[in-house]
Amino acid sequence: MSEVISAALNAISVMIVDDHPTVREGLARRIASQSDMSVCGEAADCVAALERYAQMRPDVVIVDLALKEGSGLDLIKDLHARHHNVRAVVHSMYDESFYADRALRAGAVGYVNKEADPDVVTDAIRVVMAGRVYLSETMTRQMLGRSCGKGDPFADPVATLTDRQLQIFRMIGEGSGTRQIAEQLHLSVHTVETHRENIKRKLGIASSGELARRAVLWGHQASS
């Protein structure tokens with residue numbers, strides 16, 4: 001009995017942040033099936049995640065990038081601003097080759113694509129608990145290549161967008177209008193319009209229609 005209690009006390013506590021209940025449920029089942037892990041909390045949006053994290057202080061937090069109320073990248077930054085030793089692992093459908101670097105700059109210590117084998121998530125949790133960064137072998141090679149000067153990280157002009165501009169660009173591709181984006185991100189309509197103009201300037205786009213088409217196309221590529 002004492003060994004069981006000791007194992008439970010030493011289990012890695014994990015919190016899951018994802019706005020899809022089925023994804024949270026699947027992750028929770030997978031993590032709970034591991035003898036050295038336990039799920040201590042779940043959240044569907046940034047506000048709830050910040051509150052739950054402060055209450056539970058998990059060892060690792062799994063974060064989706066696309067949340068209904070805010071951005072996973074912003075959530076990771078906010079967690080680091082409020083707490084020490086935050087271990088955040090991004091779990092996203094978006095292309096690792098484009099988003100992993102942004103996630104690491106935001107403070108994440110791991111990136112797992114949702115299409116990866118379920119074992120990858122638990123492997124990533126153990127890796128970051130050991131004090132290392134978790135990335136796929138492919139992404140690690142790409143980042144090493146960039147650090148050695150191989151390949152231009154800004155070959156795709158979308159890579160020049162700030163995190164906020166990229167978030168708005170993605171939402172445009174998902175069909176959200178300016179007012180809807182403003183409401184979801186708690187920004188003024190004027191601020192969103194300014195971001196739209198800056199996005200068009202960086203991408204060399206002249207019209208709003210062209211911006212929408214480009215955003216839809218890019219969204220399909222990023223999630224494929």
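Heads up, the Cβ atoms here are built off N, Cα and C, so glycines get one too.
Please treat TrEMBL annotations as automatic predictions, because they have not gone through curation.
Source: prediction; values computed, not measured.
Pulled from TrEMBL:
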DOMAIN    13-129  domain 'Response regulatory'
MOD_RES   Asp64  4-aspartylphosphate
DOMAIN    154-219  domain 'HTH luxR-type'
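The domain 'Response regulatory' (13-129): residue composition by secondary structure is 57 helix, 29 strand, 31 coil, according to DSSP. Of all the Cβ atoms in the protein chains shown, 23 others lie within 10 Å of the Cβ of the residue listed as '4-aspartylphosphate'. Within the domain 'HTH luxR-type' (154-219), the DSSP-based counts of helix, strand and coil residues read 50 helix, 0 strand, 16 coil.
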